[in-house]
Amino acid sequence: MLEKQPNGSTLPVQSPKSCIVEEMDSNPMVSSLLNKLANYTNLTQGVVEHEADEDSKRKEVKVPRMGTFIGVYLPCLQNILGVILFLRLTWIVGTAGVLESFIIVFMCCACTMLTAISMSAIATNGVVPAGGSYYMISRSLGPEFGGAVGLCFYLGTTFAGAMYILGTIEILLTYISPSAAIFKAEEVGEETEAMLNNMRVYGTCIIILMAIVVFVGVKYVNKLALVFLACVILSIIAIYAGVIKTAFDPPDFPICLLGNRTLSKRSFDVCAKFTESNNETKTTTLWRLFCDSSLLNATCDDYFSLNNVTEIQGIPGIMSGVLADNLWSAYSEKGSIVEKKDQPSVAGSEDTKMGGLPYVFTDIMTYFTMLVGIYFPSVTGIMAGSNRSGDLKDAQKSIPTGTILAISTTSFIYLSCIVLFGACIEGVILRDKFGEAVDGNLVVGTLAWPSPWVIVIGSFFSTCGAGLQSLTGAPRLLQAIARDGIVPFLQVFGHGKANGEPTWALLLTAGICEIGILIASLDSVAPILSMFFLMCYMFVNLACAVQTLLRTPNWRPRFKYYHWTLSFLGMSLCLALMFICSWYYALIAMLIAGCIYKYIEYRGAEKEWGDGIRGLSLNAARYALLRVEDGPPHTKNWRPQLLVLLNLDSEQLVKHPRLLSFTSQLKAGKGLTIVGSVLQGIYLDKCTEAQKAEENVKALMGVEKTKGFCQIVVSPHFRDGISYLIQSAGLGGMKHNTVLMAWPQSWKQTENRFSWKNFVDTVRETTAAQQALLVAKNIDLFPTNQERFTEGNIDVWWIVHDGGMLMLLPFLLRQHKVWRKCKMRIFTVAQMDDNSIQMKKDLQMFLYHLRLNAEVEVVEMFENDISAFTYEKTLMMEQRSQMLKQMQLSKNEREREAQLIHDRNTASHSAPAIKASVAAAVPEKVQMTWTKEKFVAENIVTILNNVCLHARNQSNVRRMHTAVKLNGVVLNKSQHAQLVLLNMPGPPKNRKGDENYMEFLEVLTEGLDRVLLVRGSGREVITIYS
């Protein structure tokens, strides 16, 4: 489409339709976007399923079919109910009593319920990818927290696999086939050690076998999942059936007691001291265990002789009233005999050795907090539903409903089992961990109906299946973390077989699992995985609380029954349970998570997931900015907040990278740093170049370790851009108070005739904005961050008082390792009527009060030699005089200043010619001690008077005289200093003298390697007060 112009030419005009077509090149159509969202699946984001690779004919992604019951409720039920219920719950009830056991279970179940509520809110806030808790936490709290907690969850799942395998072996060797043990106890008291060695050998074999099964085919594990679930459900039904049966027909499981001590029936069959047979009294096997022979007159154990052997029912039934006896705790030391409380007993001699006698002993010391750590793994497994979110029809509906229902069901089962065990089973049987008093039967199995073997076989297969599922799930979780790329050293575990199976992750998982197996004790492994799961749950609650409190626009969960107070309560409960279980394990787990967090923070890949921690940081920053007063800080809190002005070349690269090195050395990461630069042109034309320039500057800031912000301004005029930065950089109270820039080295070149004008205008604008100015001359000679000065001086030439900037800057520089070994020297200038000795003493005392270590030297000069400084700031000279008490201006000097200011306003451009004349007149050595004879002998005044005949203006001569004289003195004292800091006088008000001003500064600093010209803001920046 063409449009006719007034001059007769035609221009193409875009129609509205063509504009839309152009937009579509970069943005998708609404219909295609909606179609992608409706057909979203996370199968491609997670690990490729083993079956999908084998069946290559399936081209289309299967639509998820599982509902709440099959997809969430049953997997959660299967994962929550497990080894602890069958092997340890009866022992926990017997040891802690019904009431304390109820408290333990209630606390743990409340913790998981609160976590499930938080998890439901997160899971229903958008589509949850496959990966479960790791993805939820990392996308809510950021990659650092996500990686740390994800790895903790991985370690918890791996150690859970070890715990399930140990449970499997315990069932096998204790209840199914005790004769299969490889190691036998040769002496009394070695039974425990022999059992642990059996655990290690069998455990290692089973891990290898399970790893091979998982490697060969995950689909076989998945197909067996239903069998394992059926075993769990049948076992629980058998327990409840057995409880009902005890009401009218309790099972016959007699217990043998000697006095009030429980006897192990593994060693004898008849519960009596002797039997009557054909009117003949015969001693039993039990007699021979306690006595030195089978004769009736044999010497027997003292306690055995004094007490009778009695037999009671181990399971008296729910109607027996045994619940009252089991209400209270019965904690004991390691190696104690399990005793019945209300049974009559006569104490024997205390010297009797217990070893070798057929008593039931406790294998570990018991106390409340230890039982919490052992029990907690039995309530884990609540993430099973969220881990399968990709296979659900409606994950946002199924995950909350299924998970909360599963937790409610399992909580009811656990709480009811505690009461029922306490009401049906005798206390000594409950405290008998391995069922030695009931012929080596599983204690919970004695209660089950129709046979104890239902529980034994059911628990064996369920624990075996749970171990297989842990070895299946943990490697995939590690692979998901590795593929996210947030932990660099884990990237190798993101690879696997061609079909995506995580081979390397499986090997690592089996290796970590082996560590748990080598520990070999179920009671020692359980608290370890409790820590990792509790930490994971704690951060799920934290994620929900943070998102709720921040009220981010994207936080719109479909699950409405949550509140930040519930999440906070859940988080507090998790933290409390961690320290209740084991304070040292809790600290170790936190240390591991903290190390992973810091590693990801420093070495991990940058990820922006819109997480809550970023939102929290923004809220905190906003709050802090509003709190910071929009005004100058107190002198005690003053530090240079820098605006660093960089020059860029035609490729948008930084011309002087050492300026950023010097910035990082001066700041050491503290305070505000804004790195700014100006591109000349129109923003619409230069926006791409501005982005490139910003990327280059940020990259250099990273290399030089300069912590701060980057701001690139595009302006039609370079000078205006600098002015914009000086005026508007920063936000609120976080604004710069100091400008750092490099000296324009090529200001004399004709092609750069505007560079010095921009420089002088920048000096004027910083003064108008009441900001300090630092100008680094010969910036390319300044040290990098890798260099180290092993010796040398930082020399400060303090001519006029500038608020203390000259004193403060060397102190800040010496905090950095580049300048740390440099010494600080302060030179000050005395005039004719000053007392140099007193002046030095006063300056030393002043530095002492400032807590600064520096050498002090007073240099004596003519008052005319520093006229360029005295005419600039009489007030500043008076401030210095007040501080040092001796540096006073004479009356004639004050009267002369008015004339000097007038001279400056009429300055001309004759400085270059004067420089050559005056340079020839400089004496080789400057006299530093004043006497009348030397003063008369000086011929400088005469020479200067002759030079002034050829000058247009006496003011320029005076200024150049100052520059030459001071330069000579500074070179004499500081030529070999590592850094020289000088007062920087201001430019003349009359702009015609700008070029002379540049020449003045050039002459002043000539011959020095590294110079920092300092111009204070006019306010005090250092104080003697604390």
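In case you wondered, yes, glycine gets a Cβ from its N, Cα and C as well.
Which of 450-468, 697-715, 811-829, 906-924 counts as transmembrane segment depends on TrEMBL, and there it is 450-468. Counting residues 6+ beyond its ends, the transmembrane segment (364-384) has Cβ neighbours under 8 Å at 72, 75-76, 78-85, 88-89, 92, 95-96, 100-101, 104-105, 107-109, 111-112, 115-116, 119, 132-133, 153, 156, 160, 163, 329, 331-334, 403, 406-407, 410-411, 414, 523, 526-527, 529-530, 533-534, 577, 580-582, 585 in the same chain. By the count of Cβ pairs under 8 Å, the stretch nearest in packing to the transmembrane segment (66-89) among 145-166, 404-430, 450-468, 528-550 is 404-430.
Sequence-distant residue pairs (6 or more apart) of the transmembrane segment (562-586) and the transmembrane segment (101-124) include at least 3 whose Cβ atoms are under 8 Å, placing the two stretches in contact. No contact links the transmembrane segment (101-124) to the transmembrane segment (504-522), because fewer than 3 Cβ pairs that are 6 or more residues apart lie under 8 A.
Listed stretches 145-166, 404-430, 450-468 were compared with the transmembrane segment (504-522); the greatest number of C-beta pairs under 8 angstroms is found for 145-166. Within the chain, the transmembrane segment (528-550) has long-range Cβ neighbours (under 8 A, six or more residues past its boundaries) at 111-112, 114-115, 117-119, 121-122, 125, 133, 136-137, 140-141, 145, 149, 152-153, 155-156, 159-160, 163, 373, 376-377, 380, 516, 562-564, 567-568, 570-571, 574-575, 577-578, 581-582, 585-586, 588-590, 593, 612-613, 615-616, 619.
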